[in-house]
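See below for the structure under consideration.
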Amino acid sequence: MAGNRSTDIKVHCSFCGKSQDEVKKIIAGNNVFICNECVLLSQEIIKEELAEEVLADLTEVPKPKELLDVLNQYVVGQDRAKRALAVAVYNHYKRISFSESRDEEEVELQKSNILMIGPTGSGKTFLAQTLAKSLNVPFAIADATSLTEAGYVGEDVENILLKLIQAADYNVERAERGIIYVDEIDKIAKKGENVSITRDVSGEGVQQALLKIIEGTVASVPPQGGRKHPNQEMIQIDTKNILFIVGGAFDGIEEIVKQRLGEKIIGFGQNSRKIDEDASYMQEIISDDIQKFGLIPEFIGRLPVVAALEQLNIDDLIQILTVPKNALVKQYQALLSYDGVELSFDQDALEAIAAKAIERKTGARGLRSIIEETMLDIMFEIPSQEDVVKVRITKESVNGDAKPILETA
């Protein structure tokens, strides 16, 4: 507590030696005293050291091949997209680590944010999560459909930054090197190429608001979220080194690509390549197609890296179920092993699960719910049936035509 100035005994700070008369407050500990000035100084020292630790971590960024190896352990397929992401992420953090020591005369490297285009359940969110985890940087996910421009009911774009700050345990320096994934970005596309005379609360206005933080600015973030209020204390965060990955399904964009490629054939006649109807038009997307879909040119310009993900087929989904380190089949096998039960899936059972996910158009994200439906009764009964040692999931049990096969001791 503060020293009493009315006594004859003068208390001095154990660190700087100043007396209680020379400072505003002295705090007493166990045979030690510290003044308010030394408290502030120590806070600054700790802050600087933490910032240096963050920068030190970034000097050891995994190379693109190493990042790809990590992604391959957890993500099935999407090889082109994974390579594009690995290169973009490596270049981003290399840019940060070298910009701190860059001379003014040297070339200034601009930030390369990423746009991922692919159908629902193709792995967009999981790819971003896996990258952030492998780099040990803060990560936040936001849904573009919940955002509105300032002055309208909804969530301010600055609240995206608050999620990242919270993921960094309110360490702003660490958050400034984090990754933000904004999903459903295609849902804030303009509803056509003609500019509407009415206010576009959730479309172009949100793109403009996102543009500011994506390209790099010092933003003021309410520490408790919500709308900003006058005289409210704010957290200042510089977004110039935050990597933004945005993703969306962009349903219908392949028709825009087909139209563009078809027009090219008409324009150049037989010298132009013939469009293969079975080809993946998603790999042919260019910025003009994205603009025609409804994203504004300025926004597209801040997303120079475009990674197109393909629709997952049955074989891809079966691999997702069984191959990765954290594959769903392995997870459920581990769950039942805690009860002393061995779990197995027939090959045609895996095919049935994958077929259901494709039928429901949920892709990889729908696999868990299908397994849960199949195994609900088993997971309810097994803990009480101590004589059961094996459970076998068949195609019939996945389709609801029979129960899983149990084997007892």
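Including glycine, each Cβ sits where the backbone N, Cα and C put it.
For 1-54, the entry in Swiss-Prot reads domain 'ClpX-type ZB'. Sequence annotations record features per position, and here Swiss-Prot assigns Zn(2+) binding site to C13, C16, C35, C38 based on sequence analysis. According to Swiss-Prot, the ATP binding site annotation covers P119, T120, G121, S122, G123, K124, T125, F126.
Distribution of Swiss-Prot features across the structure.
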| residue | record | CB count, 10 Å |
| --- | --- | --- |
| C13 | Zn(2+) binding site | 22 |
| C16 | Zn(2+) binding site | 13 |
| C35 | Zn(2+) binding site | 26 |
| C38 | Zn(2+) binding site | 18 |
| P119 | ATP binding site | 19 |
| G121 | ATP binding site | 24 |
| S122 | ATP binding site | 26 |
| G123 | ATP binding site | 29 |
| K124 | ATP binding site | 26 |
| F126 | ATP binding site | 18 |
Same-chain residues at least 6 apart in sequence whose Cβ lies under 8 Å from T120 (ATP binding site): A249, K361, T362, G363, R365
Cβ neighbour count (within 10 Å, all chains shown) around T125 (ATP binding site): 16
Candidates C13, C16, C35, C38, namely the binding-site residues, that fall within 10 Å of S122 (ATP binding site) by Cα distance: none
C-alpha spacing of C16 (Zn(2+) binding site) relative to G123 (ATP binding site), in angstrom: 56
Whole-number Å value for how far C16 (Zn(2+) binding site) lies from T125 (ATP binding site) (Cα to Cα): 52
Rounded Cα-Cα span from F126 (ATP binding site) to C16 (Zn(2+) binding site), Å: 52
Residue pair C38 (Zn(2+) binding site), F126 (ATP binding site) - Cα distance, angstrom, rounded: 45
Mean per-residue pLDDT computed across the domain 'ClpX-type ZB' (1-54): 76
Collapsed DSSP category at C35 (Zn(2+) binding site): strand
Distance [Cα-Cα, Å, rounded] between P119 (ATP binding site) and C35 (Zn(2+) binding site): 59
